[in-house]
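Now, the feature entries from Swiss-Prot:
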| type | residues | note |
| --- | --- | --- |
| TRANSIT | 1-19 | transit peptide |
| REPEAT | 68-98 | repeat 'PPR 1' |
| REPEAT | 99-133 | repeat 'PPR 2' |
| REPEAT | 134-168 | repeat 'PPR 3' |
| REPEAT | 174-208 | repeat 'PPR 4' |
| REPEAT | 209-235 | repeat 'PPR 5' |
| REPEAT | 236-271 | repeat 'PPR 6' |
| REPEAT | 272-306 | repeat 'PPR 7' |
| REPEAT | 307-337 | repeat 'PPR 8' |
| REPEAT | 338-372 | repeat 'PPR 9' |
| REPEAT | 373-403 | repeat 'PPR 10' |
| REPEAT | 409-439 | repeat 'PPR 11' |
| REGION | 444-520 | region 'Type E motif' |
Amino acid sequence: MRIFRFTSISPRILPSNHYSTFPLKQNVSSLSPAKYIAGALQEHINSPAPKAGKKIHADIIKTGFQPDLNISIKLLILHLKCGCLSYARQVFDELPKPTLSAYNYMISGYLKHGLVKELLLLVQRMSYSGEKADGYTLSMVLKASNSRGSTMILPRSLCRLVHARIIKCDVELDDVLITALVDTYVKSGKLESARTVFETMKDENVVCCTSMISGYMNQGFVEDAEEIFNTTKVKDIVVYNAMVEGFSRSGETAKRSVDMYISMQRAGFHPNISTFASVIGACSVLTSHEVGQQVHAQIMKSGVYTHIKMGSSLLDMYAKCGGINDARRVFDQMQEKNVFSWTSMIDGYGKNGNPEEALELFTRMKEFRIEPNYVTFLGALSACSHSGLVDKGYEIFESMQRDYSMKPKMEHYACIVDLMGRAGDLNKAFEFARAMPERPDSDIWAALLSSCNLHGNVELASIAASELFKLNADKRPGAYLALSNVYASNDKWDNVSKIREVMKRRRISKTIGRSWTSED
C-alpha cells in the first residue's frame, strides 16, 4: 500500500485547525501549504507527545496533497519518534531517491529498537544505491555490533571492516566515530587496535578514556588503565567509576577500589549508584565488614538506599563478610525485592551455616511469586546438602524442570551427587552420576571422590578418581591427596606409595590450606 504519491496533482489547501499550535504562532495566509504542513509537523516532532501529528499524515493522504522531500523527511522523523517503524519505513520506501539524511534517520530508528538485521540490510541497500555512508552512518553500524538485544550473529571482524571502509572512503574521524570505533574494539577484546584509534584523537574525549580504562581493567591490565586515568585531564564521575569498579574485581586490587572511592570524593565528586555498587563489591572481596558498614552509612544519607540494586549489593556484602544478621536486616527493609535479592539472601544463609533459614526463605520466595533462577536452585540444593536433607534436595532438583522448565546444569547435578554422598548414599550417588543425560564433568567426580574420602569407600573412590584424572589430571592436585587418604584409612599403603610416586613424577604438589577441589 502506498502512503502517498509523488505524482503531479495540484496541492489543495488543507482544511485543518487542529494540527498544532503552529497556526497561532504564524500568519497562515502568508504561508504556502507545503510550508504550513512542514511547520506543523516540526511542532509535533518537537513536542513531548508527537503522536497527534499523525493526523497530518492522514489528511495528506485524504487530500491527495503532493509532499515535497522536506515534508517526507519530517513525516519519517515523526513516525520514528512515535515508535512506528513500519510507517516510517513506508514513508522511506516512497521516496524516489532517499537522501543520506533519510537513510541515517531510518538506520538510527532500527538501532534504537535493536533491529540489527534490518539496519545492516538498509546499509547494504544504501551502498548499492550509490549513496556514500558518512561517519554517522558508520558509527551506527559499529553501535549495532555492540547491541545486546540482537540475536543476530555478526562477524567478529565487523569492526575492522568498518574501520577499513572509513580509511578507504576518507571519512572524517570525528568524536562520534572515534568513540564508536574505540568502544567496539574494546568490547571485542582488541585493545591494541582500540589504543591505536584512541591515540588519533585531537581533543580529549572522556567517553573514550572511560572505554579504554574499562577494557584494560576487564583484561587485567591495571597499569595501562591507570596510565589512561592519570593522563585524563578533565575527569568526571564516569571515569572515576570505571576505576573503582575495575579495582573492585580482584582481591589484589580491591583495597585500591576503596582508596579511589575516597579520592573521588576529595576531588569533589559525589558517589552515585554505580559507585556505591562497585565499592560494596570491593568490601565483599576484602570481607571488610567495618568498611562496608561505613559505606552503608553513607548510602543511607545519599538518598539511593531504597534502590533495589543497593539493597541487593549490601545484603550480598554483609553475607560474604559473615554478618548474616545485618544482611537479613537489609533484606527485610528493602521496599522492593527481585530474584537476585532473594538469591543473595538464600546463598548467604547457606554459606554462613544457616541451611534451615535458607530453605525457609526459598519456600517463602515462591509464595511471593518470585521465580527462582539457576543460582537460586544452587543455593537451595547446597543448603539441603549441608542439612543432610536428601529427599528435600532431590524434590527441589526435580522441580526445576517439572515446575519451571529449567534444564539442570552440571553444577546442579554435582550438588545432588554431593548431597547423596555426604549422607552416605555413595552407591546411589554413583548411579545418579552414571544415569546423567550428559557425560559427567570433573566437578561431578570430584564431589563423589570427596564423599568417598569422607566415608572411606575405596572402590568408588578409585572409580571417581580414575574418571577425574581422565578429564584433568594435572588441574586437580587435591584429588590425588583425597585418594591417598582413602587408601591410607583402609591401610592400603602400597597404593598410597603409588599415588605419591605419580604425584612426584608429574611434579604435582598439594598447596597447604587450599580446598582439594580448587584448581591451580
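Placement of Cβ uses the backbone N, Cα and C atoms for every residue, glycine included.
Mapped onto DSSP helix, strand and coil, the region 'Type E motif' (444-520) counts 56 helix, 0 strand, 21 coil. Sorting the repeat 'PPR 10' (373-403) by DSSP state (H, G, I as helix; E, B as strand; all else coil) yields 28 helix, 0 strand, 3 coil.
Long-range contacts of the repeat 'PPR 5' (209-235) within its own chain (CB-CB distance under 8 A, at least 6 residues past either end) are made by residues 179, 182-183, 186-187, 189, 191, 194-195, 198, 242-243, 245-247, 249-250, 253, 267. When DSSP labels each residue, the repeat 'PPR 6' (236-271) comes out as 24 helix, 0 strand, 12 coil, counted as helix, strand and coil in that order. Away from its own ends, the repeat 'PPR 8' (307-337) comes close to residues 273, 276-277, 280-281, 283-284, 287-289, 292-293, 296, 299, 344-345, 347-349, 351-352, 354, 368, 370 of its chain (Cβ-Cβ under 8 Å, at least six residues beyond either end). Tertiary proximity for the repeat 'PPR 10' (373-403) is limited to same-chain residues at least six positions away from its ends with a CB under 8 Å from its CB atoms, namely 339, 342-343, 346-347, 349-351, 353, 355-356, 358-359, 362, 365, 409, 411-412, 415-416, 418-420, 422-423, 425. Secondary structure counts, DSSP: the repeat 'PPR 1' (68-98) has 23 helix, 0 strand, 8 coil. In the predicted model, the repeat 'PPR 3' (134-168) has a mean pLDDT of 80. In terms of DSSP helix, strand and coil, the repeat 'PPR 2' (99-133) has 27 helix, 0 strand, 8 coil.
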